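**Student:** Take this structure, written in structure tokens, and hold onto it; I'll ask about it next.
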């Protein structure tokens, strides 16, 4: 995916706020805190010092060596965490997850280890995945070293094509200076487990190069750890296939190749840039600042280490290098609603006419989705007044890499009241007006995975509602336009096709509704036709509540393509609210997800979670995640098979339950996706909403409402009742925009 010329250094996170980083974390949240840079270095030094592992540095060297690829927190087992959180038991031992590439073995493989105890590790043990201890070496994620070696292979492969590339594009790949080509690589890497064959799509290396394919795609077999044994297997140029670079070069010289001559990019304004062009016909100003978020009386949330508090909400959070944001111990007014809510996976499956397009099935955890958390720009990515947190990753690096301002937290005015009412007297006046302004606390990060930018949000509302949401933006994945290509998308520039694709995102929601013993039911309406009791000659047709307890896992798996019941309720059958209802929370989808492939078709086996809008399973420690780092490069025999979670059809009555939520959308690119896909209309997610969990709306505890009552019949005297200052005061403090954007080892 990532071109070689883009600097990248990735990995396992320690969150650092502006406060003293040495201050002790609150005990309750600290068991979930990401590894600090010191802990990351301690794990690295301990493993590098074990002679039996034979580890070498990542930089330089060869693929045929043993290297440490990833270090991140290994979360504690749930039962140990709850014993500590709820019963005052000892804090679980703090451990790291370490991923080691054993490329220097007779049979190369990938092995994961648990390393601890931290902060001074002294032992390690292999981790298992449902009985499997080792991962096939061909399934490993890509590394910077492998990209450097592939760059050399592409230099050699394109040397015979110099004249073709120069004449057709004005750019070339080998021995270039300022008119260089770059590449994007495609995954999965082959057609069956054990293969590592990648298509490389060449592009002009200009700003927004994703929109500048030149019509040449090259297939390289790079399975062998020795790059001298790599080979170019096929080429595609402007609709024709060739067996070797030499064949393409010879046929070009003989005039047997249909050449696509591209215009000089310098002769016109580059369409892939953000540089303004055109104008709005109204003439309203855009050269001054628009509306801003402000905190006139200071912050109304509290951040202590990785513990976040806002109104009734409290939670612990971390940023996994492997897959992104993860919330733990999510509580409202000290009652746990969920033990874990986390991003598991994001995919985009494409169709197209070129080999690169038809092969593209991106499974983003395989690209270190949680580690590509680049700097957030104040005033654009998050409000200027947000709290910004750094992240530290150890992902394909020889030490921790600091990503500045990778996470932000801010209170957002929603622009709509949380609730309001105007009580009219229907005679030109009113009895009272009351309203509560709408706010939410936002926890945000981004993942720039190749061309796409995902904006990941968790929003906390004062009425006990939590929202998980992701926006998709960035560049479309574009391939070279051919007339046949319009079957698979839209022509967006003279030689550019925007390829259709479906996005799916998977979340884990480990619910603990008033305890761990929960049950699941669906509720929708049916209609009844009954005699009218107050008019015997008439009948009444009306809706009634149709409740369906879902007692086993298979009964609680809802396939995409079928209607989803509108109320999905998780309840504690032994806990009732004041009105006699089982205390419940509801999952509500905001999605129009569809299937990406027919069930059971090759690569679909690796994303079997994508078969379901929602699947509910019993909690098991060996079913902690629905995907893995290795699914991208081996979806055919996936290490984690989600379908196996529900195959045994266990009872889910009065059990510790996990909801697995799939959201997504179909994207058919269009001209307005240039230069970038815009966020409006491209957001999906879900809500967690209380349903008889409380006795009334818990936001009544907020001191932010306003009540207006007339004191006379002329409405000239009013009683305005409020609990906040009359005036919010000044808003945004002046200050220049700053941005750095670098992420370097410390």
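Glycine is no exception: its Cβ is also placed from the backbone N, Cα and C atoms.
Whatever TrEMBL says is automated annotation, not expert-curated.
Positions annotated as signal peptide by TrEMBL: 1-18. Residues or ranges marked as domain 'Copper amine oxidase N2-terminal' in TrEMBL: 39-123. Positions annotated as domain 'Copper amine oxidase N3-terminal' by TrEMBL: 140-239. Annotation source TrEMBL lists domain 'Copper amine oxidase catalytic' at 292-699. Residues or ranges marked as 2',4',5'-topaquinone in TrEMBL: 452.
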**Student:** If I take every residue in the domain 'Copper amine oxidase N2-terminal' (39-123) and average their pLDDT values, what number comes out?
**Tutor:** 96
**Student:** Would you count the other C-beta atoms found within 10 angstroms of the C-beta of residue 452 (2',4',5'-topaquinone) for me?
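**Tutor:** I get 24 for this one.
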**Student:** With helix taken as DSSP H, G or I, strand as E or B and everything else coil, how many residues of the domain 'Copper amine oxidase N3-terminal' (140-239) land in each class?
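**Tutor:** Summed over the domain 'Copper amine oxidase N3-terminal' (140-239), the classes give 32 helix, 31 strand, 37 coil.
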